[in-house]
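Notes follow the structure.
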Amino acid sequence: MNTDQPTEDNPYSAPQASDPAPSSPAAAEGTHSHANQPELLADRCFWGMAITQFMGAFNDNLFKQLLLLLATPTLVKNAVDTSGDRQAEATIVFAASFLIFSGVAGWLADRTSKRSLIIASKVAEVVVMVAGMVGFFYYNVIGFNGMLVVLFLMGVQSAFFGPPKYGILPEAIRARDLPRANGIFLMFTFIAIIFGMGLAGLLIQEGVPREQAAAGVWRGSGICVGIAVIGTLTSLMVWRVPAATPGTPLRMQDLFVPGDIVRLVLRNRQIMLALLVTSTFWMLGSVVQQGVNSLGKTQLGLNNTWTSVLAAMMAVGIPIGCVVGGLLSKNSINPRVVSTGAIGMVVCLILLAIPGGPKHHLLGFAGSIPVLVLLGFFTGMFVVPIQVSLQVLPPPEDKGRMIAVMNQCNFIGIILGGVIFMIVIKVLEAADWPRNLTFVVTALMMLPIALFYRPEERQLSDD
């Protein structure tokens with residue numbers, strides 16, 4: 001085994017993942033032996049990666065939410081800000097960066113060391129966050145359009161960070177630890193979302209025009225720079241792994257969905273179903289998030305703060321469900337965990353959709369809180385085994401590109417979720433029906449998955 005131990009001169013130097021002998025089958029497939037690797041929770045490299053993921057997710061959601069809040073018209077001295085709602089533009093710009101660059105990011109994640117790509121993307125994040133702080137300072141010069149450019153660059157950075165951060169897990173840790181590792185990763189991600197979105201609301205001044213609010217944000221956006229620097233330092237702790245397929249040339253099809261990945265998906269039913277289910281999951285998640293906001297502000301008449309509390313309740317349950325899902329899965333892909341999560345999600349969505357009582361919503365604000373926490377809990381249970389499936393089913397040389405394709409499918413799902421929500425809201429408004437009926441649509445779309453989708457049960461060995 002060839003390892004580099006941390007030194008006093010460089011406290012962030014990372015132990016190298018174990019390399020098999022060149023003549024071994026594992027070496028030929030680009031995998032590693034984990035015989036002498038520490039247990040997952042004692043592995044400093046794993047915690048370095050987990051903290052790096054937390055910092056990245058925190059920054060993504062803090063910066064994006066700052067722009068979304070600026071994009072939303074507000075009341076200015078009892079009059080409506082006439083600058084217009086530009087949330088859709090920001091959402092499309094951010095999603096477009098993923099769709100455009102996920103393909104080449106996946107190719108690069110297989111061609112180079114995933115650790116090197118993780119570190120490079122974190123350095124790029126520092127640069128983008130500095131550009132964002134400067135952009136807020138000069139907002140009166142560059143305007144919202146200039147900040148959209150920064151948002152696009154942030155999306156590009158995130159697109160290149162995605163494939164190596166998930167692709168490195170099956171290369172660097174034992175297969176039996178993947179469910180727990182993914183559960184912890186997703187827990188960190190959703191905790192970061194809660195704190196990032198919550199902090200954004202505190203940094204934006206209420207009741208002033210967009211230009212004035214933006215001008216006051218630049219100091220607070222310095223937090224984004226600090227978080228990016230910390231994330232860069234923790235990324236140096238990540239496992240050292242060799243490239244899966246060094247020297248692979250970039251082909252035109254790699255910019256989109258590579259033909260060999262399409263053929264792999266078509267001939268492997270489990271991979272195809274996992275991709276369809278995960279993209280549907282993110283599509284429904286997009287509808288539910290918007291539905292909760294609509295329920296809070298429009299139907300229940302809550303202010304922005306309490307509506308945010310309502311939306312955060314789902315994010316509270318998700319990390320708990322992720323950890324429980326990882327523990328129940330143990331060292332396997334467990335279809336019973338997926339089924340339990342899916343059925344629980346359908347039940348919670350139906351409860352949220354029941355009309356009646358004050359403001360045509362049976363649960364109201366107080367009743368919705370525990371149901372949303374449970375919805376998040378079952379969501380976390382549902383998603384962990386599917387995430388693991390897409391990490392272990394593809395061949396080692398295709399893992400980076402497969403995760404890139406998964407990211408592309410997920411963002412297509414998010415965009416479609418926005419379209420579905422727009423259609424549903426128009427129907428509800430035309431019929432003068434309560435907004436919580438949005439959840440009927442999501443429950444009906446989730447029901448076939450709950451009834452019929454069963455991932456193949458698979459024991460995860462370290463071979």
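Backbone N, Cα and C atoms are what each Cβ position is placed from, and that goes for glycine too.
Record features, source TrEMBL:
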COMPBIAS  1-10  compositional bias 'Polar residues'
COMPBIAS  13-28  compositional bias 'Low complexity'
DOMAIN    45-458  domain 'Major facilitator superfamily (MFS) profile'
REGION    1-33  region 'Disordered'
TRANSMEM  90-109  transmembrane segment
TRANSMEM  116-138  transmembrane segment
TRANSMEM  144-162  transmembrane segment
TRANSMEM  183-204  transmembrane segment
TRANSMEM  216-239  transmembrane segment
TRANSMEM  271-289  transmembrane segment
TRANSMEM  309-328  transmembrane segment
TRANSMEM  337-356  transmembrane segment
TRANSMEM  362-384  transmembrane segment
TRANSMEM  405-425  transmembrane segment
TRANSMEM  437-453  transmembrane segment
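Counting Cβ pairs under 8 Å that are 6 or more residues apart, the transmembrane segment (144-162) and the transmembrane segment (116-138) reach 3 or more and are in contact. Same-chain residues lying 6+ beyond the ends of the transmembrane segment (183-204) with a Cβ under 8 Å from its Cβ atoms: 50-51, 53-62, 65-66, 69-70, 166, 169, 213, 217, 220-221, 223, 304-305, 308, 312, 315-316, 318-320, 322-327, 329, 376, 380, 383-384, 387.
Long-range neighbours of the transmembrane segment (116-138) within the same chain, counting only residues 6 or more positions beyond its ends whose Cβ lies under 8 Å from a Cβ of the stretch, are 49, 52, 56, 59, 63, 108-109, 146-147, 150, 153-154, 157, 160-161, 163-165, 168, 214-215, 217-218, 221-222, 224-225, 227-229, 231-232, 235-236, 238. Distant neighbours of the transmembrane segment (309-328): 179-191, 193-194, 197-198, 288-289, 292-293, 295-296, 302, 334, 336-337, 341, 365, 368-369, 372-385; these residues of the same chain sit at least 6 beyond its ends, with a Cβ under 8 Å from one of its Cβ atoms.
At the 8 Å Cβ threshold, with sequence separation of at least 6, the transmembrane segment (271-289) comes into contact with the transmembrane segment (437-453) through 3 or more pairs.
Same-chain residues lying 6 or more positions outside the transmembrane segment (362-384) and placing a CB less than 8 Å from one of its CB atoms are 179, 182-183, 186-187, 190, 278, 281, 285, 288, 292, 295-296, 300, 302, 306, 310, 313-326, 328-329, 337-338, 340-345, 348-349, 351-352, 354-356.
Note: the stretches the transmembrane segment (337-356) and the transmembrane segment (90-109) are not in contact (fewer than 3 CB pairs below 8 A, sequence gap of 6 or more). Within the chain carrying the transmembrane segment (405-425), a Cβ under 8 angstroms from the stretch's Cβ atoms is held by residues 88, 91-92, 95, 98-99, 102-103, 106, 159, 162-163, 257, 261, 265, 275-276, 278-287, 290-291, 294, 390, 435, 438, 441, all 6 or more beyond its ends.
Remote same-chain partners of the transmembrane segment (216-239), defined as residues 6 or more beyond its termini with a Cβ less than 8 Å from a stretch Cβ, comprise 12-17, 44-45, 47-49, 51-52, 55-56, 58-59, 62-63, 66, 70, 115, 118-119, 122-123, 125-126, 128-130, 132-134, 136-137, 139, 168, 171-172, 199, 203-205. Taken as a whole, the domain 'Major facilitator superfamily (MFS) profile' (45-458) shows an average pLDDT of 83 in this prediction.
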